[in-house]
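Visitor: As listed in TrEMBL for this protein:
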- B:98: heme b binding site (BINDING)
- B:110: ubiquinone binding site (BINDING)
């Protein structure tokens, strides 16, 4: 009994999945963090110039997989756009209404403005709805595979509906 | 349970090698019984004894990210109905921080090696600082975020 407690109470040997019947009788104390372990992995394998096995190029794409990277893509894209807007605000001499009127006066004006509206509305809608989906996962809801697909299609559907609705205003 | 049945079977047969086997079978039964008693107690003791400060900070960061996301969600409808400097500056702060933390997660996933991570995180910090400054400048010297978006749809 004491032996079990002593071995399990070592630093780092945390029971994330209590496995019955497996006794770590002589577990060495672990002094490294997950971050250190990951760095060691990358350092060693990069130094040895080991090739990485094909993964993205060969694995069959699924809807949840595609939606996940799209969530990241829209997030990065929106962040970039906000930063670009902020830099423009600092650098450009005139005011926003001035430039908006300038674009409206161009022949391609309406198309550019329509493009800007779409470029804002679709990524924001998708990222927001999928963000809610993520937050639901964070409180533990909706992990069953059929639920994942159902919530996924709901997000896609809502994004399209919101985009069409706001762009037709 | 299965071990007990096997023991009975062995006893009925009465063979010598099985006597040795029965002691081996007895042990797993003992171990699993102990595990059934103790895993919860063990994990609570471990949590109480040693939670690394790094993992505590990481855990708090995770929670803060979700709290900010919820806050940003709530700001949407507020911004739609109330244009004004308070909403504009709150939106600037929340959007910049949410973006900063989000890009930070992507960096953690894709950038490896101490030096590269440091360079990337420094670059991100600079970018976020410039972004927040630019948005605040826009809110102060120009029409503000809410009005700017509204103007795209023509006031």
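Backbone N, Cα and C atoms are what each Cβ position is placed from, and that goes for glycine too.
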Visitor: For each of B:98, B:110, count the other CB atoms within 10 A of its CB; which of these binding-site residues has the top count?
Guide: B:98
Visitor: Taking the Cα atoms as reference points, how far is residue B:110 (ubiquinone binding site) from the residue listed as 'heme b binding site' in Å?
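Guide: Computed Cα spacing between residue B:110 (ubiquinone binding site) and the residue listed as 'heme b binding site' is 19 Å.
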